[in-house]
Amino acid sequence: MPFSNSHNTLKLRFPAEDEFPDLSGHNNHMAKVLTPELYAELRAKSTPSGFTVDDVIQTGVDNPGHPYIMTVGCVAGDEESYDVFKELFDPIIEDRHGGYKPTDEHKTDLNPDNLQGGDDLDPNYVLSSRVRTGRSIRGFCLPPHCSRGERRAIEKLAVEALSSLDGDLAGRYYALKSMTEAEQQQLIDDHFLFDKPVSPLLLASGMARDWPDARGIWHNDNKTFLVWINEEDHLRVISMQKGGNMKEVFTRFCNGLTQIETLFKSKNYEFMWNPHLGYILTCPSNLGTGLRAGVHIKLPHLGKHEKFPEVLKRLRLQKRGTGGVDTAAVGGVFDVSNADRLGFSEVELVQMVVDGVKLLIEMEQRLEQGQAIDDLMPAQK
């Protein structure tokens, strides 16, 4: 849990080596970077809101690793964390985001007209398409560190802004604490709502404090545009629908996001953003675009093929299980999405998914007919 700074001062009575965590059995990005020397250098520092290096790393100390993915092992508590603790965050960001340097500049492109194709992914294979991102509101602490009052203020601001959306984006807000157990579970099963805070990453970082206070979901009337409020990020914006029309999903995503930003600006609030890291979010893995464009895709043959992991790697894609990050694939259905977030624009990332998914379908069709796929192996993107 985030501590007050008087507690941090108390800890400074012990030498740094006595406070250094045991990372000997760990496999996450933080554990690769954090040395006793770096810990000693950073441990007396804190951000203006009181977030310390111990708060940054706690989730990675408590969660040594993950069987499916290399976790990051740290979080930011506020916008300043990435600057105050940059000696820790910069190498983690470089490691996680394919060599992204502290001097690199991020690019943003939320113009759906720049996406080539994407309206014709075969619905016999692509069951659903989804694009999501996160946004943080400048001037508030991030979920690992925010107070109840901050969280409630974020909810109020967000609901006011979202209630101004109209046309096919018009919808309503559902506060988590006023939902029945059955309503919650139905939304979770339909992939509309974030899970209950059982994830050790959420729990250890302090993001689940006061649950379900000031958490909720806003969605439009046909449930194709959703905003999660106060889960891992202040806002998670999601556009989704059945079938393979990624172009339509991305267009709705860009339009909705642009309108939300305009509504916040009209109330004199802006999103956390800087030219180097792009949009600032709680987890360093989401910096930049924060964007994950994914499809649920049926690949019963390719999914079992020994080359499948290599194909995904070359296409800069990653797979998750059917139910998300902590789950296995059911019935040969995979959640396939872009592996990158930072250093590429939104349009570039969605383009990689569209082009990559087309190739995956072509490979699956070859394997259905008992043919080889060696000649279809892509070059490394």
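The chain as shown is numbered from 1 upward.
Each Cβ is built from the backbone N, Cα and C atoms, and glycine gets one as well.
Some features that Swiss-Prot has for this protein:
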- SER4: phosphoserine (MOD_RES)
- 11-98: domain 'Phosphagen kinase N-terminal' (DOMAIN)
- THR35: phosphothreonine (MOD_RES)
- LYS45: ubiquitin cross-link (CROSSLNK)
- 96-122: region 'Disordered' (REGION)
- LYS101: ubiquitin cross-link (CROSSLNK)
- LYS107: ubiquitin cross-link (CROSSLNK)
- TYR125: phosphotyrosine (MOD_RES)
- 128-132, HIS191, ARG236, ARG292, 320-325, ASP335: ATP binding site (BINDING)
- 130-138: region 'Internal MTS-like signal' (REGION)
- SER199: phosphoserine (MOD_RES)
- TYR269: 3'-nitrotyrosine (MOD_RES)
- THR322: phosphothreonine (MOD_RES)
- LYS381: ubiquitin cross-link (CROSSLNK)
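The Cβ of ARG130 (ATP binding site) has ILE238, SER239, MET240, VAL249, ARG292, ALA293, GLY294, VAL295 as same-chain neighbours under 8 Å, each 6 or more residues away in sequence. The 10 Å shell around the Cβ of TYR269 (3'-nitrotyrosine) contains 17 further Cβ atoms across the protein chains shown. Rounded to a whole number, the C-alpha distance linking LYS381 (ubiquitin cross-link) with ASP335 (ATP binding site) is 20 angstrom.
For the region 'Internal MTS-like signal' (130-138), the DSSP-based tally of helix, strand and coil residues reads 0 helix, 7 strand, 2 coil. Proximity of distant same-chain residues to the region 'Disordered' (96-122), defined by a Cβ-Cβ separation under 8 Å and at least 6 residues beyond the stretch ends, is recorded for 29, 70, 72, 86, 90, 129, 243-248, 250-251, 253-255, 257-258, 275-278, 284-285, 287-289, 295, 340-348, 350-351, 354, 357-358, 361. Spacing of ARG132 (ATP binding site) relative to the residue listed as 'phosphotyrosine' is 21 Å (Cα to Cα, whole number).
TYR125 (phosphotyrosine) is surrounded by 19 other CB atoms, counting those within 10 A of its CB over all protein chains shown. For the domain 'Phosphagen kinase N-terminal' (11-98), the model's average pLDDT works out to 95.
Sorting the region 'Disordered' (96-122) by DSSP state (H, G, I as helix; E, B as strand; all else coil) yields 4 helix, 0 strand, 23 coil.
When the C-alpha distances from ARG236 (ATP binding site) to the recorded positions THR35, LYS101, LYS107, SER199 are tabulated, the minimum falls on SER199. Looking at SER199 (phosphoserine) and ARG320 (ATP binding site), their Cα atoms lie 16 Å from each other.
Nearest in space to SER128 (ATP binding site), taking C-alpha to C-alpha distance over the recorded positions LYS101, LYS107, TYR269, is LYS107. THR35 (phosphothreonine) sits 16 Å from LYS45 (ubiquitin cross-link), taking the C-alpha atoms as the reference points.
Of the recorded residues, LYS101 (ubiquitin cross-link) and ASP335 (ATP binding site) place their C-alpha atoms 29 Å from one another.
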